[in-house]
Amino acid sequence: MNKRIAVLPGDGIGPEVTAVAVQVLKKIGEVFDHQFTFEEGLVGAIAIDETGNPFPDETLQLCQSADAILFGAIGHPKYDNDPTAPVRPEQGLLAMRKALGLYANIRPVNTFKALADASPLKREIVEGVDFVVFRELTGGSYFGKKGRSDDRLSAYDTCTYTHDEIYRITKLAFEAAAKRRKKVTLVDKANVMETSRLWREVVQKYAAEHPEIELELMFVDNAAMALIQNPRRFDVILTENMFGDILTDEASVITGSLGMLPSASVGNQVALYEPIHGSYPQAAGQNIANPMAAVLSAATLLETSFNLMAEGKIIRHAVEEALNFGYVTKDINPDKFMSTTEVGQKICDFI
Ligand code: IPM
Ligand code: MG
């Protein structure tokens, strides 16, 4: 198979973990005789430094002409601590999601046997957890009208959703549930927010037409609690942009490390794959970051964009073997750990 992959390493630990994911894809290419070509593009703080724009046109064109996108992370502390910065790296990520129409962010949460004791939650709570979050990615308060009053003493972020924005991701979530345990939990704040009431209307109507899938409705505050009390109760979680952002960081704790969670962002054209962790600037350049979320994102890329199921499975198996042998980074075992590149090499050896 011949495929072009756009690689956007981004900021912080992004370049280090993405390099491992590319190494793994090259290894798969060798073993299975696929021709993957990789082309790098700029995004985030590094793109601001080099071009003044966090998502340059060149990067957009690279993404649009690629068969899939592998993305690292975005963000830099020099912007986090400056609320008046005129351009921010995160704008690059949001612009990219919008421009590529990546409206659904799919974040699977499963526990690995070898990591059951790495979670701060009790083993009996985290064992066997297997759910997936469908987070809406191009609407809500992330993209609504925002601003300040003239005297700058008040500010607003508007949360807006349309029927169609809700419908298209609802359809994806229900299709995923049909292949899983046939349950969708809609997480919202319908007791307070009008947008949430629209979500309920659209999703309930869709559910009535798909009676084979059970629909559960849950307020987000309650869901935050249920996620750590009884995460096994969830199969597919469907939610809006901001709630999904917050709940998936919370959910990552179940697996033992934020460094384990991959994600896929899909829309109508090319799809993007990225670890859910951020740029972790404190660890940048030290060769200590966990590359597994990036590697699992690469596995998801092969499965979802190229339908290479056997290849994806081998990568997942190789990651599990690395975990079983204790070939892990510091976040997972602070007493006995390897570097980012060593873990990457072990995964390639297993492949
Ligand atoms: C994520 C991140 C981003 C988000 C940030 C970096 C803008 O937290 O992908 O979850 O909030 O969507
Ligand atoms: Mg987030």
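The backbone N, Cα and C atoms fix where each Cβ goes, glycine too.
The structure displayed is predicted, hence computed values, not measured ones.
As annotated by TrEMBL, domain 'Isopropylmalate dehydrogenase-like' applies to 4-347.
In sequence order, Leu137, Thr138, Ser265, Leu272 are the residues of the chain that are 6 or more apart from Arg97 (substrate binding site) and have a CB within less than 8 Å of its CB. Secondary structure at Arg97 (substrate binding site), as computed by DSSP, is helix. Taken from TrEMBL, the feature substrate binding site covers Arg97, Arg107, Arg135, Asp221.
The Cβ of Tyr142 (site 'Important for catalysis') has Leu94, Asn241, Met242 as same-chain neighbours under 8 Å, each 6 or more residues away in sequence. Annotation source TrEMBL lists site 'Important for catalysis' at Tyr142 (among others).
Mapped onto three states, the DSSP output places Lys189 (site 'Important for catalysis') in coil. Marked as site 'Important for catalysis' by TrEMBL: Lys189 (among others).
Asp221 (substrate binding site) carries a helical DSSP state (H, G or I). The number of other Cβ atoms within 10 Å of the Cβ belonging to Asp221 (substrate binding site), over all protein chains shown, comes to 12. If you look up TrEMBL, you'll see Asp221, Asp245, Asp249 marked as Mg(2+) binding site.
Lys189 (site 'Important for catalysis') has its Cα within 10 Å of the Cα of these binding-site residues: Asp221, taken from Arg107, Asp221, Asp245. Cα spacing between Arg107 (substrate binding site) and Asp245 (Mg(2+) binding site): 10 Å, rounded to the nearest whole number. Checking the binding-site residues Arg97, Arg107, Arg135, Asp245 against ligand 2, the ones with a C-beta less than 6 Å from an atom of that molecule are Asp245. Within 10 Å of its Cβ, the residue among the binding-site residues Asp245, Asp249 with the fewest other Cβ atoms is Asp249.
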